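What TrEMBL says about this protein:
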type	residues	note
DOMAIN	14-155	domain 'Alpha-D-phosphohexomutase alpha/beta/alpha'
DOMAIN	201-289	domain 'Alpha-D-phosphohexomutase alpha/beta/alpha'
DOMAIN	298-409	domain 'Alpha-D-phosphohexomutase alpha/beta/alpha'
REGION	446-473	region 'Disordered'
Amino acid sequence: MSIQTVATTPFAGQLPGTSGLRKKVTVFQQPHYLENFVQALFDVLHGDAPAAGQTLVLGGDGRFHNRAAVQTILKMAAARGYGRVLVGQGGILSTPATSAVIRRRGASGGIILSASHNPGGPDGDFGIKYNATNGGPAPEKLTQAIYERTQTLGQYRLSDAPDIPLDALGTHMMEGMAIEVIDPVADYAAVQRELFDFGAIRRLFASGFRLRYDAMWAVGGPYAKAIIEGELGAPAGTVVNAEPKEDFGGLHPDPNPAYADDLIAHLMAPDAPDMGAASDGDADRNMILGRGFIVSPSDSLAVLTAHATKVPGYASGLAGVARSMPTSTAADRVAKALGIACYETPTGWKFFGNLLDAGKATLCGEESYGTGSNHVREKDGLWAVLFWLNLVATTGQSVEQLVRGLWTEHGRCVYSRHDYDGIPTEQANALMAELRAQLPTLAGQTFDGHRLAPGRPKTDGAPSGGSEPRKAGSVGVTISWADDFAYTDPVDGSVSQKQGVRVVLEDSSRVVFRLSGTGTEGATLRVYLERHEPDASRHDVPAQEALAPLVALARTLARIEHHTGMAQPTVMT
Ligand code: VG1
Ligand code: CO
């Protein structure tokens, strides 16, 4: 065994996006591609010094190329002088489990191999991201430094030791570094046990409560099986599609109404179970359904916030709640009623880390089916399911009743996201540039359902915008204000610009536009639509119907069809 130095040249574009570096598998299969990125990461973390005595956690969502990448990274970690690597059995660790292992074992950080909800297989996507010693995603400062290092790299180092057997628990030595193959579920399950009333959930299942948990052939399966069927006594078969597959069964492991249509069909059927749930490729996302009822992720965060003190881990109350900017304001309303702070951050879990570390927020959530808390530093799919189960068990209310209770008290934040996938990058950039150019003149403009017109100019002391009377029940048709969201981290003062164009109407309805930072082909435009409906008699109007006027405004304002050629979104959540 010896350490080899390999000459290499930089690859363009190794810039991590919303959540790590994601590219096609074929890109990662190029010689030196993964190695360059990992070497850049180690160089930024350790400079010229060895990582002596440090522990690294390593695992992935089990997608195609996971095993090969694990072996390469082990050899590079050995060359870098790490003291110990904890690797999940079979190379598997879900994203929230990696976070849990880093925190519980005092590791200096961890590498997660995942492209999350993106499809897998030889023609699918692969990804890598680094989580720091708090268990959370590397902040922008670090990902930027890694990128810069990839652009000047001339060599990398790795051991020429043989591959390590990953399928059995045990410890192996490589260049003086200990490699411990660990149970991927144990630390994670220990964290959940400390938070939730497992006894109450066990009694719920014993009483005949039925759950269908769709793991989407992804890494959430082993975790859900061990905890929900194993510890909580749910009948065998409660967790379906539970075996992680390298290609996710050829499906899209993204729990939303478009890709979890099979689960939705089960929950809408006459013999539907009491609750449905799903998690994504790396098990950090969650979708929650009641019998015949779909829970919007933004509402989910608000319900968990409202009832948190009924769960043992949060019995002493929440320090605050945080949501990503495009997430609906339902959580804000609950936070206000509870008298706790509500923070609004850019999209992506990395922005929650400082708030959680500083004790400013306890729960966090995103509209993209992500919810979590200070128990780890990632969003956590199964955690959200356990939280809902705990609430159903202790309140005696159904999933639907819990959501309707929220609406009754705070009104309904009717919400939808429209995605336009596969837009050529220049066209997507042109659309955003045109929107940004309009920002200074949007306030006061009115929309009649077809076109925008300048409103009556503002006079001093008058409310902002035009003065057209609004029809009862219609959306506000006058733009109150618009901006490009910028965020100043309240803990370290770092500033993130251009995080999404917000257009807010006089009745507080909102349209947000941003481009995805997780795709690997072309660009995805995300259009987020929100409208508050206080009138309980209108809470059952389907979201797409209630939001139709806002959709028309969004399409007109951004000239979506002109720029993309698309008359309809690809996905509506
Ligand atoms: C998307 C979601 C964002 C989420 C991110 C990572 O990012 O919108 O809310 O944090 O995915 O989730 P973007 O930039 O494509 O909109 V995961 O489960 O893919 O790690
Ligand atoms: Co994910």
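The backbone N, Cα and C atoms fix where each Cβ goes, glycine too.
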| field | Composition by DSSP (helix, strand, coil) of residues within the domain 'Alpha-D-phosphohexomutase alpha/beta/alpha' (14-155) | value | 54 helix, 35 strand, 53 coil
| remark: Using DSSP three-state counts, the residues of the domain 'Alpha-D-phosphohexomutase alpha/beta/alpha' (298-409) come to 59 helix, 18 strand, 35 coil
| What does DSSP give as the helix, strand and coil breakdown of the domain 'Alpha-D-phosphohexomutase alpha/beta/alpha' (201-289)? | 29 helix, 16 strand, 44 coil
